[in-house]
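**Student:** Okay, handing you the structure first.
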Amino acid sequence: MRRARRGAARGGCPRMPPRQREPRRGPGGPARPAPPAATRPAALALVTLLSFASRFHRLREPPHVCWDETHFGKMGSYYINRTFFFDVHPPLGKMLIGLAGYLSGYDGTFPFQKPGDRYEQHNYIGMRGFCAFLGSCLVPFAYLTVLELSKSLPAALLTAFILIFDTGCITLSQYILLDPILMFFLMGAVLSMVKCNSCADRPFSVSWWFWLSLTGVSLAGAMGVKFVGLFVVLLVGLNTIYDLWDLLGNLSLSLVMFGKHLLARVLCLIVLPLALYMAMFAVHFAVLNRSGPGDGFFSSAFQSQLIGNNLHNVSVPEHLAYGSVVTMKNLRMAGGYLHSHWHLYPEGVGARQQQVTAYLHKDLNNLWIIKKHDSDTADLSDPSSPVEFVRHGDIIRLEHKETSRNLHSHQHEAPLTRKHFQVTGYGINGTGDSNDFWRIEVVGRKSGTLIKVLRSQVRLTHVATGCMLGSSGKTLPKWGWEQVEVTCTPYLKETPNSLWNFEDHINPKLPNISLDVLKPSFAEILLESHMVMIRGNSGLKPKDNEVTSKPWHWPINYQGLRFSGVNETDYRVYLLGNPVIWWLNLVTIGLYLLITVCTAVALKRGVQLTSELKELSRVVLCAGGQITLGWLLHYLPFFMMGRVLYFHHYFPAMLFSSMLTGITWDALLKFCAGFLSPSTTARKVYGGGFLALILLILYSFYLFHPLSYGMVGPMASNPSSPMAGLRWMDSWEF
């Protein structure tokens with residue numbers, strides 16, 4: 001009874017021990033034996049062979065950089081050269097690309113500057129081949145998942161053919177991208193979860209432990225490639241919660257045994273993935289130990305650990321003192337250094353005083369002298385003057401070293417950010433007025449706390465107006481040398497925009513300490529890297545002339561992406577799903593929802609269903625329930641995202657919709673054939689319907705395969721183009 005209840009909760013599909021399963025019913029009603037055991041390995045071998053052939057065909061073409069190979073190929077080179085960089089995604093995908101390039105003989109010297117750059121003698125095929133290999137594995141993974149859920153070989157084959165001959169899946173697998181790597185781990189997690197569920201009657205067996213552990217490994221891999229791997233974590237988490245709830249309701253199961261089940265899942269699905277995930281970052285930081293283009297996104301303390309960075313192996317005084325010469329770095333991502341120069345704000349932009357900005361590069365105009373607010377600070381060269389440390393809560397002045405003007409604010413509006421106050425340089429030789437006074441405060445510290453170089457996060461509150469010094473992140477016009485706007489915000493929120501740390505520190509009266517003393521721990525680096533990635537993700541905006549899309553565009557295949565080429569003479573590759581497949585998937589989702597609603601209404605009203613309808617609803621709801629949940633989890637969250645979105649973000653969800661199509665149409669054909677007799681006629685109808693779907697998929701692939709494998713010559717709008725007549729939607733740009 002308990003096993004039947006478990007299956008019913010998963011979509012009305014009771015489970016039976018393998019030796020007790022009844023023969024499955026085929027079209028026409030009579031019992032039909034399962035396909036011979038030999039046909040399943042043969043079918044798996046066939047779909048795997050076709051998948052690899054379709055992904056590796058013309059892999060070298062085009063021999064130049066395509067689309068986001070610019071980013072991820074370059075990042076693979078950074079790993080080979082051990083150069084630190086910043087990306088909005090976790091590191092596993094790029095590390096694997098770099099490893100594939102290294103093992104295949106690529107030396108990491110190709111610059112990957114822009115799409116269209118020719119690879120020439122550089123060995124790029126190893127990195128493309130690695131991505132194509134993982135993309136090819138998606139087909140057998142989906143085949144095995146559907147076979148396990150539906151116990152139907154035709155459903156599994158239909159799913160496999162859909163993915164093999166989808167032009168979008170082929171294109172996305174053939175280039176140096178993160179998507180095939182992400183989808184490999186995603187489908188690995190789904191397959192492992194389904195296989196583990198099938199071992200529910202053999203808990204703690206070798207196979208049960210294997211699939212449970214492999215699920216955890218796959219979850220770590222998915223999260224380690226992109227944060228959207230969280231969606232498959234949610235899918236597995238919901239499945240696990242149901243399992244535990246079901247076990248808890250089993251009165252024959254002791255609490256000790258339930259505790260073992262709980263501990264096993266905690267170890268394999270929480271502890272193991274977290275350990276692997278953190279290990280990825282440990283390797284990431286160990287390999288990328290040289291200064292590179294990603295330094296400026298991270299804190300000064302982190303930068304001090306990178307070979308070649310100006311803070312590496314530097315000795316500076318640890319605590320700030322009056323009279324010290326310092327630089328201040330804003331903590332927002334790419335916030336820059338507090339900076340001033342002789343140029344004034346133009347007429348009509350606040351007060352016509354000296355500009356204060358944030359500058360992303362090292363410069364003498366970033367230097368400031370810390371002074372007391374009510375008296376001048378003694379000359380640093382005078383050895384007799386005592387040292388007095390700056391403490392949390394002190395009121396200070398900051399004098400710009402190069403121009404001798406004080407950091408100043410007043411109630412004039414900032415240049416770009418409305419309702420913020422302007423920040424300027426004011427005074428002569430350090431003499432100004434009370435609008436030069438700032439209260440320095442260390443985040444999370446008590447009054448009197450000393451201020452540490454690099455480590456202390458501080459805010460500067462303007463005494464006269466109560467606003468806080470910050471960087472808006474907006475770029476000033478040419479009169480501001482296209483540097484970053486600095487304002488004084490009256491909205492007193494502790495955000496990275498209004499937090500600073502001291503980086504350079506010069507004071508000959510104080511003893512220097514090595515910055516190794518201030519080395520951040522692995523936990524601090526891990527937390528900082530995630531904060532930077534999350535901020536970077538949320539701040540992603542479209543580039544000029546870039547094709548973006550909206551989530552509602554994706555299921556209808558509304559618009560594709562140019563991977564290569566823009567005119568008749570170019571070798572053009574265009575990311576677009578096979579239209580017949582994508583629209584069939586869309587229809588299937590509607591059919592599935594209709595079957596679900598009708599079944600629920602019929603059961604609620606006590607309607608007696610025919611045996612064929614019962615079989616249809618049982619198979620579709622049972623096997624399709626988890627698949628539909630996976631589709632929803634990988635699609636709906638994008639409607640709530642504020643970051644820029646692209647067409648390729650839908651492909652993980654497309655994997656689930658394709659599996660649902662295979663399951664649903666197989667069940668529908670069986671249902672339709674079930675009204676016919678004799679059984680030979682029913683089987684012909686079923687086989688004919690199945691063959692018609694396969695031929696439709698193959699013919700549409702024949703029509704649209706140039707999208708994946710390359711087009712040369714006139715555009716589709718030209719009657720002489722080989723793609724003429726195939727531009728079925730005006731939004732398609734091939």
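Numbering starts at 1 and runs along the chain as it is shown here.
Positions of Cβ are set from backbone N, Cα and C atoms, glycine also.
Since the structure is predicted, the reported quantities are computational estimates derived from the model, not experimental observations.
As annotated in TrEMBL:
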- 317-373: domain 'MIR' (DOMAIN)
- 387-443: domain 'MIR' (DOMAIN)
- 448-505: domain 'MIR' (DOMAIN)
- 1-37: region 'Disordered' (REGION)
- 84-105: transmembrane segment (TRANSMEM)
- 125-146: transmembrane segment (TRANSMEM)
- 153-175: transmembrane segment (TRANSMEM)
- 209-242: transmembrane segment (TRANSMEM)
- 262-288: transmembrane segment (TRANSMEM)
- 580-603: transmembrane segment (TRANSMEM)
- 615-633: transmembrane segment (TRANSMEM)
- 645-665: transmembrane segment (TRANSMEM)
- 685-704: transmembrane segment (TRANSMEM)
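Show me how these features fit into the structure around them.
**Tutor:** Across the range of the domain 'MIR' (448-505), the DSSP-based residue counts are 6 helix, 27 strand, 25 coil.
Taking Cβ pairs closer than 8 Å, the transmembrane segment (84-105) reaches residues 71-73, 75-78, 123-127, 129-131, 176, 178, 181-182, 221, 223-227, 277, 280-281, 283-284, 287-295, 297-298, 306, 532-533, 536-537, 540 in its own chain, all 6 or more past its ends.
For the transmembrane segment (615-633), the list of distant contacts is 7, 10-13, 25, 146, 149-150, 152, 155, 190, 194, 231-232, 234-235, 238-239, 589, 592, 595-596, 599, 609, 653, 656-657, 659-660, 663-664, 667-668, 670-671, 674: same-chain residues at least six beyond its ends, Cβ to Cβ under 8 Å.
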**Student:** Hey, which bits of the same chain come close to the transmembrane segment (580-603), Cβ under 8 Å, at least six residues off its ends?
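**Tutor:** 162, 165-166, 168, 555-557, 609, 616-617, 620-621, 624, 628, 631, 654, 657-658, 660-661, 664-665, 668, 693, 696-697, 700.
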**Student:** Can you say which of 125-146, 209-242, 262-288, 685-704 has the most Cβ pairs under 8 Å with the transmembrane segment (645-665)?
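**Tutor:** Comparing 125-146, 209-242, 262-288, 685-704 against the transmembrane segment (645-665), the winner is 125-146.
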**Student:** Check for me, if you would, whether the transmembrane segment (209-242) reaches the transmembrane segment (125-146) - at least 3 Cβ pairs under 8 Å, residues 6 or more apart in sequence.
**Tutor:** no
**Student:** Sequence-remote contacts (6 or more beyond its ends) of the transmembrane segment (685-704), Cβ cut-off under 8 Å?
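**Tutor:** Distal contacts: 26-27, 154, 158, 161-162, 165-167, 576, 578-581, 584, 665-666, 669-670, 672-673, 676, 726.
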**Student:** Do any residues of this chain, six or more beyond the ends of the transmembrane segment (125-146), have a C-beta under 8 angstroms from a C-beta of it, and if so which?
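**Tutor:** Distant contacts of the transmembrane segment (125-146): 43-44, 47-48, 50-52, 54-56, 59-60, 73, 76, 96-97, 100-101, 103-106, 152, 155-157, 159-160, 163-164, 169-170, 172-177, 180-181, 183-184, 187-188, 190-191, 194-195, 623, 655, 658-659, 662-663.
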**Student:** Could you give the mean pLDDT over the domain 'MIR' (387-443), rounded to a whole number?
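**Tutor:** Looking only at the domain 'MIR' (387-443), pLDDT averages out to 93.
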**Student:** So what's near the transmembrane segment (262-288) in sequence-distant terms, Cβ-Cβ under 8 Å and 6+ beyond its ends?
**Tutor:** 78-79, 82-85, 90-92, 95, 204, 209, 212-213, 215-217, 219-221, 223-224, 233, 236-237, 240, 243-244, 522, 525-526, 529
